[in-house]
Amino acid sequence: MASYQVGLLWVVGVTLAGAQAGGSLFPTPVFLMIDAVYAAAAISVIRRARAAAAADREAALALPLLVAPVFVFALASLTGIPTARHPGAMLANTAVLLVVGGLLLAGMVLVATRLWDGPGRAPAALALAAIGLGSAGYLANLVARVGVILSGASPAQAAVEDTAWQANAYLQGLPGEPDPIAIMLVWLDLLQLVYVALAHLAAVALAIGGRRAGLLSKRAAGRVVLSGMLLVGVTTIAAVLGTAGAFDVPVLSEASDAGATAAYFLTAPFMTTLLPFMIGIALLSLSSDSAPRPRVTAFDPAHATSS
């Protein structure tokens, strides 16, 4: 099982989710069929990848990191973009994101535990701190969504969520006197932004620790570290540029809209699955390379005859 075949799951999944979220390009029955095919293919590929890796400890560590994005792409696509205009769909979306967040947290904790007794302990500790802090904030975000529905505040959120719950809008500053629920939504979405950045940093730390401990190859760890630092750097720059409009920075105000829009897409919840997914692929690849191969001996006709 080639690693690129597993990697295609993330690319196809994000394309599928983006196509549906961008305007429901497919009628619901057609999308359900496509989504079911994607989920079935993902399950098949992951099972074959695990079998190819001989189902050792590294392959087991990879499983939650590989399942998380498949789960979010296959199921969150069905619920659509969360909105208080459809409380039931928003609740379903919240449940999916909660499971995905739990899978990522569990997967990173398992990898960090594997690194604890060795040279990767310090990066593993940093990874645990980052993902733990980020997950706590994100949990508050998800629980608050349920609270809005249960308190009957869905109409109030629906009235302001197009601006107060969208980073491409509120990063540039909201006009007028904000309602209390608008302030709450901005804070909650900022927690998501921080969570995405901390999840990236946690994955980078795990990659560094994995390389030190020999759990990841130097090349694979380097790709995760480089990708993670680029994601954190670009996201931070985009967010800072986005806030230039809110603070009326003369030179940067013209770039505020582009920065806020980039930050909006780069901090979508599914982005937290990219680097852990890369780590999962690296674990499978290393496991496959180190798996024992059957010994092949030459055929000896004379020996076969005598026996």
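Glycine residues also receive a Cβ, built from the backbone N, Cα and C atoms like all the rest.
If you look up TrEMBL, you'll see 31-49, 61-84, 90-112, 124-144, 181-208, 220-242, 262-286 marked as transmembrane segment.
Beyond the transmembrane segment (181-208), the same-chain residues lying 6 or more positions past its ends with a Cβ under 8 Å from any Cβ of the stretch are 104, 108, 111-112, 115, 120, 123-124, 126-128, 130-131, 133-135, 137-138, 140-141, 144-145, 148, 153, 156-157, 160-161, 163-167, 170, 174, 216, 220-221, 224-225, 228-229, 231-232, 235-236, 239, 263, 266-269, 271-272, 275-276, 278-279. Within the chain, the transmembrane segment (90-112) has long-range Cβ neighbours (under 8 A, six or more residues past its boundaries) at 61, 63-65, 67-69, 71-72, 75-76, 78-80, 82-84, 124-125, 127-128, 131-132, 135, 138-139, 142, 145-146, 149, 199, 202-203, 206, 209-210, 215, 269, 272-273, 276, 279-280, 283. Between the transmembrane segment (61-84) and the listed ranges 31-49, 124-144, 262-286, the one holding the most Cβ pairs under 8 Å is 262-286.
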